[in-house]
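J.: Found this in TrEMBL, in case it helps:
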type: REGION; residues: 29-53; note: region 'Disordered'
type: BINDING; residues: GLY134, GLY136, ARG137, LYS156, ASP168, GLY169, ARG234, ARG241, ASP331; note: ATP binding site
type: ACT_SITE; residues: ASP321; note: active site, proton acceptor
type: BINDING; residues: ASN322, ASP331; note: Mg(2+) binding site
Amino acid sequence: MTQTQSDTAEISELHDFARLTDYSLLTALSPDPQSTGDGADHSPRQVFSGHYVPVTPTPLNNPVYLSHSQTLFDELGLSNELAHSDAFIRLFSGDMTRLPEPMKRVGWATGYALSIYGTEYVQQCPFQTGNGYGDGRAMSVVELVANGQRWEMQLKGGGRTPYCRGADGRAVLRSSVREFLAQEFMHALGVPTSRSLSLIMSTTDTVERPWYLEGSTSVDPEILVSNPVAITTRVAPSFLRVGQLELFGRRARSHAHPDAMKELEQIVCHVIAREYTNEIDTTQPLATQVLQLAEAFCERLTSLVTNWIRVGYCQGNFNSDNCAVGGFTLDYGPFGFCEIFDPKFQPWTGGGQHFSFFNQPAAAFKNFEMFCRAVAPLLSKSHEDISVLETVLNGFPAIMEDKLNTMWAAKLGLAEYDSELLMSLWQLMARTPVDYTMFFRELSQLPDDIAAISKSFYKPASEALLSDWNGWLATWRKRALDTSDSNSVATKMKRVNPKYTLREWLVVPAYQQAEKQDTSLLSELQQVLSAPYDEQSPAMEEKYCSLRPDELMHAGGVAHYSCSS
Ligand SMILES: Nc1ncnc2c1ncn2[C@@H]1O[C@H](COP(=O)(O)OP(=O)(O)OP(=O)(O)O)[C@@H](O)[C@H]1O
Ligand SMILES: [Mg+2]
């Protein structure tokens, strides 16, 4: 094919993308003024101002399609054939060179700041200034509006950017498969999240990552393993993070440059336009909008974390740069879904207890505090406004607690939260290693004997313990059936207690197989995880609704992992 012929093929295959493309919001932001705009900007450097840096991805060599999300394609109104077309594979493996108008042939990466559990850091930036930290390997390539919904599409592992900090800009197949599956699973659970568009792997490019020897139970990885490189494309209304607002908030606070306050204003208006158009009245003065934004974000963030605990999700690294201002789940690297119930569950060995399962509400509060600090300069002229913001901030823990209580009541099928009943359950769950997902799902059958639930136990319980369990069960049943009949309690409970969860030991064989371009397990997992609340076939139940095998209980790369990239 000549260049013109292949351009024509590209135009027709990507016709739907071109038709839906819309950069109108992006144009309200400023690009880095130092940038030449051609996107050839792949080495670490400081970016002092502007909201984004034009950057081209570095294409994968010899890309092959592994998977796409049919659910998302349907929502976008795209045909499934498109995912297999050359033009699609080319774009989502990082080659933007032949995109048809009005699609841009250059993508964009954004800088952001980092706070860890409420403390501001610049040390992770190679220049120790914070000007070299941001999307190191993520870059957005297109933005479109489909069925009234705006979507930004972002490659993860698309190559180096000015924020790459000297690293390779790549993601390995393992982490890409995990993120690809988890995003759509979270969506199926009804929890707000970035979504998965596609998963594409290189058949020739590899990078090394620290990993574990076969069968190892070591906490730290022992070897460097060569892995195929992949790109998963994620989509969301925006990828704006609390850390991003912080970058502009910090610059405004320190008067880093003459436009610093204006850039903060612009990014906050951009957050509203992207994520909060329905909640915020943009005809109001900016300070009023900022206060409305704080309230709306508080509402979303508390709901999000409540949902995480409901479904057993642990973010693992809930820094401000992994906290989406849109209030959805972002960055499925250090994450895990709790199998054996443990409030201190933290699968990522680099994450620390402050980001463990039950500490997520506290971690979210820290991120919310950093959000408030970031937007505060926009209120500085009015003491009244500052005190309203403080009230919103101080109200966060109570809203969080209220939502958690309501969630626990729903998980237990109770009309009202019952702290005593919950505490005694947690005590029993501390004495009996129990599978979090299976336990609540079995409970949703309203059994009158604990034997029915004991298949969710990782160890047989003693007679005495079983008797305590039966005592608890009898009290619980009575409360649950106080005001409702068993059918309606069971139906409601099954809507909040999923049957299926993402079990790492079942994902491992899927990414190992995918490495050989065999995607059968990957497709099967996609299928099972697309309906987590449903009763599925007995074969699926036997395979995917089961306890983690003993030999994998402490296995490196399954029970825990040190590298999430
Ligand atoms: N291989 C890599 N090359 C370049 N930058 C990287 C690489 N891995 C991580 N980073 C950057 O390091 C920072 C911290 O990494 P972290 O694991 O939180 O993010 P991530 O998983 O890459 O991405 P995201 O938060 O975009 O989902 C991020 O700014 C990220 O872009
Ligand atoms: Mg991250």
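The backbone N, Cα and C atoms fix where each Cβ goes, glycine too.
Show me how these features fit into the shown structure, please.
T.: When DSSP labels each residue, the region 'Disordered' (29-53) comes out as 0 helix, 3 strand, 22 coil, counted as helix, strand and coil in that order.
Under the DSSP three-state reduction, ARG137 (ATP binding site) is assigned to coil, being neither helix nor strand. Here the Cβ of ARG137 (ATP binding site) has 24 other Cβ atoms within 10 Å, regardless of which shown protein chain they belong to.
In the three-state DSSP scheme, ASP321 (active site, proton acceptor) is classed as helix.
Counting every protein chain shown, the Cβ of ASN322 (Mg(2+) binding site) has 23 other Cβ atoms within 10 Å.
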J.: Is it possible to get the count of other C-beta atoms within 10 angstroms of the C-beta of ASP168 (ATP binding site)?
T.: 19
J.: What whole-number value in Å do you get for the largest C-alpha pair distance within GLY134, GLY136, ARG137, LYS156, ASP168, GLY169, ARG234, ARG241, ASP331, the residues recorded as binding ATP?
T.: 23
J.: Listed binding-site residues are GLY134, ARG137, ASP168, ASN322, ASP331; which sit with C-beta under 6 angstroms of ligand 2?
T.: ASN322, ASP331
J.: If you draw a 10 Å sphere on the Cβ of GLY134 (ATP binding site), how many other Cβ atoms land inside?
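T.: Result for GLY134 (ATP binding site): 27 neighbouring Cβ atoms inside 10 Å.
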J.: Please give me the binding-site residues out of ARG137, ASP168, ARG234 that lie within 10 Å of ASP321 (active site, proton acceptor), comparing Cα atoms only.
T.: none
J.: I'd like the number of other C-beta atoms within 10 A of the C-beta of ARG234 (ATP binding site), please.
T.: 24
